[in-house]
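Asker: One structure coming up, written as structure tokens, with questions to follow.
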Amino acid sequence: NAIFVPRPERKRREVMQIANTTMSSRSRNTTVLDTYNITDPEELETEYPFFESRVDNKERTVISNLRPFTLYRIDIHSCNHEAEKLGCSASNFVFARTMPAEGADDIPGPVTWEPRPENSIFLKWPEPENPNGLILMYEIKYGSQVEDQRECVSRQEYRKYGGAKLNRLNPGNYTARIQATSLSGNGSWTDPVFFYVQAKTTYENFIHLMIALPIAVLLIVGGLVIMLYVFHRKRNSSRLGNGVLYASVNPEYFSAADVYVPDEWEVAREKITMSRELGQGSFGMVYEGVAKGVVKDEPETRVAIKTVNEAASMRERIEFLNEASVMKEFNCHHVVRLLGVVSQGQPTLVIMELMTRGDLKSYLRSLRPEMENNPVLAPPSLSKMIQMAGEIADGMAYLNANKFVHRDLAARNCMVAEDFTVKIGDFGMTRDIYETDYYRKGGKGLLPVRWMSPESLKDGVFTTHSDVWSFGVVLWEIATLAEQPYQGLSNEQVLRFVMEGGLLDKPDNCPDMLFELMRMCWQYNPKMRPSFLEIISSVKDEMEAGFREVSFYYSEENKPPEPEELDLEPENMESVPLDPSASSASLPLPDRHSGHKAENGPGPGVLVLRASFDERQPYAHMNGGRKNERALPLPQSSTC
């Protein structure tokens, strides 16, 4: 329990006097190493030098006039008389503590007291002048004629106030004695000091009562008002779904059946069979099962069955059915399909298309080489990444064409089918599963800040342009096998970083073609981002043959316009990946190789006119680029 403070550099000096004389003359500057000195700032500020003494022709000596119960370090050198300084051996040292001195811990002077208001007094006493090591605390024993009480006062508290205050004393006569406690033990008790605590007058008691009574009445009334308000809120919440009012024919008998009207999507409960749990959804458990007659020309179909928790409020049950009603409007191969609803009876069920490989986030993480459950699947190639991106963009293009803004596009909300097709998942299903991906800003609802665009973070505006930004983050998740975006930043730091124009870094081993597509989606100006149809147009040549047969992009419902032919000289043309449009006014994508084809880029067939560097916008960092960087050419969008 000792600490050694290294001595400063010094020159050896000869001290011809005997050790006793040296120590007595400088006794207060001796090296002292108390076990508790590290807790006292004043002790740490004092530096104790070493003192030297020569002992001739002896193997023992006595050092006197040392401080009591104090730890010393003693160094011994063996020296040759003729060699003087150069003939000394290396030092051998020992630590030794002196014996405690009797009476050193006694408080030397008288104890005094001062009256203080509110039935309290202040005791003062002097410190022991040369205690045994270090004073640790003081103990006060005080009391009236009935019984004694004890109060402990630390050394730090004593040095701060110069004494101690005794509070909450009853009126009457008291005696008090004080004892110091050092490293070696307890000192003697002081002589008793007598003091008197006066009783409050009747007038003072009346004043205190007049002040306390109105305050107590106000607190009681305020508490009752708060209790009634909370009780009223809870009663309305349990009856009407967290305070949201819904029109009903008979409010006294309000249920989900009064709000949701069965239609052609209604499925008889006896046609549904549950087999096993798939996981927890935002409203309740999701099961795998079999449904009869929900798909044309299929007697039985494997389906996913969503349920509502038994403890769910009426509001949650209605939101559950409303989500199913939204899904009724969608009929796209790259959007998870609704197959039916069971609204009659309990629990309410929603029948969805079964996506056997789960959500895209979990699927991507299962492809990591270090995963134990990796079924010997290699990480996705560039062509597979582009295939995933095209399928997600096709589903989002369909939603955009139907005037639907997703607002929560992320890998966790995309689902993977048995044949590895990626589809836009049923909306809101994964909110509880990946709770850490969301952030509650300013007491509002949970927000997926790491996937949100700058305008959504600033103004709460969600459009198809903000969905395109989120699509770029999904591409980043695909390239990193579902790493968390903006690793190392808290949600609050991500808010500031994105709103100030910050972007995700290029993932390791990410193909240039995929990263350039991400940068297109991360233009700071929303109108400068490509549409989902433009994104599909830029990657359509890389898609598998089956994409043309099932996609919304090639369907009659979309009917994309024929691209205009460009009458340009071949020497003025170059192949640039992911060109967002076929207009002659298009600008090329940012390319770190000065206009050369990006690595792993698409084949020939996508041609644009290259703009010179001087023609590019000088303030590109305001539209998604970074400061102190080569100006970022901005792709032209048909939405401008």
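A Cβ is built for glycine as well, from the same backbone N, Cα and C atoms used for every other residue.
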Asker: Of the residue ranges 250-253, 278-281, 306-309, which one carries the motif 'IRS1- and SHC1-binding' annotation in Swiss-Prot?
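Answerer: The range carrying the motif 'IRS1- and SHC1-binding' annotation in Swiss-Prot is 250-253.
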Asker: Report which of ASN173, ASN236 appears in Swiss-Prot with the annotation N-linked glycosylation site.
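Answerer: The candidate carrying the N-linked glycosylation site note in Swiss-Prot is ASN173.
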Asker: LEU278 (ATP binding site) to ASN186 (N-linked glycosylation site): how many Å between their Cα atoms?
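Answerer: Roughly 70 Å, rounded to the nearest whole number.
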Asker: What's the number of neighbouring CB atoms sitting within 10 A of the CB on GLY284 (ATP binding site)?
Answerer: 22
Asker: So for LEU278 (ATP binding site), how many other CB atoms are inside 10 Å of its CB?
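Answerer: Around LEU278 (ATP binding site), other Cβ atoms within 10 Å: 18.
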Asker: How far is it from ASN173 (N-linked glycosylation site) to GLN280 (ATP binding site), counting Cα to Cα, in Å?
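Answerer: Distance (Cα to Cα, whole Å): 71 Å.
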